[in-house]
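One structure below.
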Ligand code: WTA
C-alpha cells in the first residue's frame, strides 16, 4: 500500500468510527422468529469444531452429487484451494432437473417483471426446459466444455437461462454488466477468449429503449477476436445491424432447439464462471469460481442468512446479474434451494417511485435483498411512497455492497420491515463468492450498521499492520484466516497476480482490502476500502482504471481520481486533471472528458465532478497523495501536506478552483 493511501485510510476510517461508536442499539429476534428459524445457535460451535467437516456436511445436504467426494479440502497447494476433491456434479441439474424429479416442477422459479409492465412466470419445469434448449443450441454452435461464453444481457430470464445452460454443458460464463462500454466488453472478451456472445437488442431504462447489440457490434468490429457467434434475444424490438453467419436470433436457435438434454457430471473444481472486477491496477481481474464449493456456500448462506423456507418464501434480490450478487443470489442460490424468486428488469422509479413496493405487494415478497444506496435513495423519496403499499409479507431484509449507515438501517427496518423484520447486513466480495460476515436472523441480536459475525464455518479476523489480531474495541484490516468453499480459485490467466493481490500483505491470510473494527462485543463493523478501489452505489471502481481512461484522451496530461463521500451513492468519482496545451480554453472539455470515460469504461464510471488543476500533489517518490485531493473533493480543510515534493501545490490547486 502506498504511503498516501495508508494515511488516507486512517482519516476516513477515523471519521466513520466516530459515528459508529455512538451506535449501541440492538434488536434481538422475536421468540417466535427464533423458534421457527432455519439456523439455531449451536451451529457456530458445530462449525468451529471442524470446518472442513462442517462444509462437507453442507455440501451433501444442499447439493446432489453424481460422484461423492473423498476429501473436503485439499489445501496442499495453498493459496490455491481444492474443495470436495473427487466429487462430480452438474450445477444446472442441481438448480433445475432434480426439483422437477422431486415433484416440484409446478413451483414457480421466477416471477419476471419487465420495466414496461410485461410479466412472465417460469415454473421449475418450464425453466428446466428452456435451459435444456439453450444447452442444445449452444452446443450446436460449437460451444464445448471449458469454452468461454460472454454474456451481455439485461435483467431478463434469458440471462439466468444462458448462465445455467453454460453451466450444464461445462462452458464457463463471463457475464459483463450491460452498463459497460464496447471497449470494456472487448477487453473482457479478449482476456477470456470467449467463443460465443449472448446479448439482446436492448432493454428499457426509465421508459426508454436502451440498446445493447450496438456495443457488441462495436466490440467485435476490429479483427483479432475469438468470437464465432452472437446469439441475440429480442427484447425491445429496436432495429439492429445484422452480421450474417455470425449473428443468430435466440428465437431461431434456442427456441427451436430440442428440449431433451442429459446433464453430464463435472468435477467439483471445474470452472463455473469468470467475473471481472476492479482492482487497484488498471486492468480488471477475471475472478475465477469453480463448481462444488461455490454452490455449497451460496446455497447454505442463502438458507441460513435469509432464513429461507423455500415452500413459502418469495425471495427478491434486486442486484443485476452483471455483479456477483446477481450470480450468487439470483442465478444460483435461490434455484439450488428450490425457492421462488422475483426478477425485475428496470429502474426503481419507472414509471413511478413506488415501483419496487408495488412489486413487493403484487408477489408478496417475503425476503428482500438490496443495497444501501437504493435504501438511501428511497429514504430521500419519502416514507409516504412505501406507505401506499401492503408490505406486510416482508419478514427478512438484506443489505449488501457497502457499509450501511445506522440511519438507513433504521429506516429500512421501520418503514420497509414494519419495525419487526430482522435486517441482515451481508459482507462479502466477488472474490469470496458468497456471504462471509452476516448475522443469522433467528440467532443474532442485530446492530444497526454492523455485519457483526462470520458465517458459521468462516474464519474472519481484524488484524493490525503486522498481522496480529486486534483486541475488541480496536480497528485494523479485515482478513480471512482459513480457506472457504466459495473462495476464488484464482485470477483468470494470472496466478501470480492472485498471490500478490490477496496473499502477500499478511502471511497465510487472505487480505480483503477492507478496513474494519471490532466493537466491545467482538462484533465486526466494516469501514470501507483501504486501497485504491472506490465503491459507488455498491459498484466497485478502480481509481487507476478511471485515471488511465482520462489520460488516454489527448487533451489530458495527468489525472488523479478519488472517491468523495456522497450522501446517496456512498462515494462519488471526483477527478483532478491537468490539461495539455490550450485544451482548457475549450468550454466543453469537462463534458467531453466525462463522455470519454463513459466510452472507455461505461456510464457508471463517469466522474461526478472533473476539476481542472495546474498541478497534482505528489510525494518525493512521485506518488499522488490522494488523501489531500479527497480533502478538496469533500470540501474539508486540507490535511498534513508536509511530505509533498512541492508544498505550494495545494495552494495552487485551491487558487485555480476559486478562479
Ligand atoms: C464492499 C459485492 C460493507 C467491501 C458483494 C467489499 C461491503 C466490496 C459490504 C466488494 C457490506 C460489500 N458492508 N462493505 N455489507 N458488502 N462491501 O466485489 O468494500 O462488488 O470489499 O462484491 O464491497 O464488492 P464486490
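Cβ from N, Cα, C; glycine included.
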Which of 395, 413, 505, 529 belongs with 401, 402, 403, 425, 426, 427, 428, 429, 430, 514, 540 in the ATP site listed by TrEMBL: 529
Recorded positions compared (208, 623) - the one with the fewest other Cβ atoms within 10 Å: 208
Secondary structure composition of the domain 'Acetyl-coenzyme A synthetase N-terminal' (43-95) [DSSP: H/G/I, E/B, coil]: 24 helix, 11 strand, 18 coil
Residues among the binding-site residues 205, 206, 207, 208, 537, 551 that border ligand 1 - Cβ under 6 angstroms, in sequence order: none
Structural state of residue 551 (Mg(2+) binding site), classified by DSSP into three states: helix
Residue 426 (ATP binding site) versus residue 208 (CoA binding site) - Cα distance in angstrom: 33
Spatial separation of residue 430 (ATP binding site) from residue 325 (CoA binding site) - C-alpha basis, Å: 8
Residue 553 (Mg(2+) binding site) CB neighbourhood, other CB atoms within 10 A: 20
Tally of residues which DSSP labels helix, strand or coil - the domain 'AMP-binding enzyme C-terminal' (545-623): 25 helix, 27 strand, 27 coil
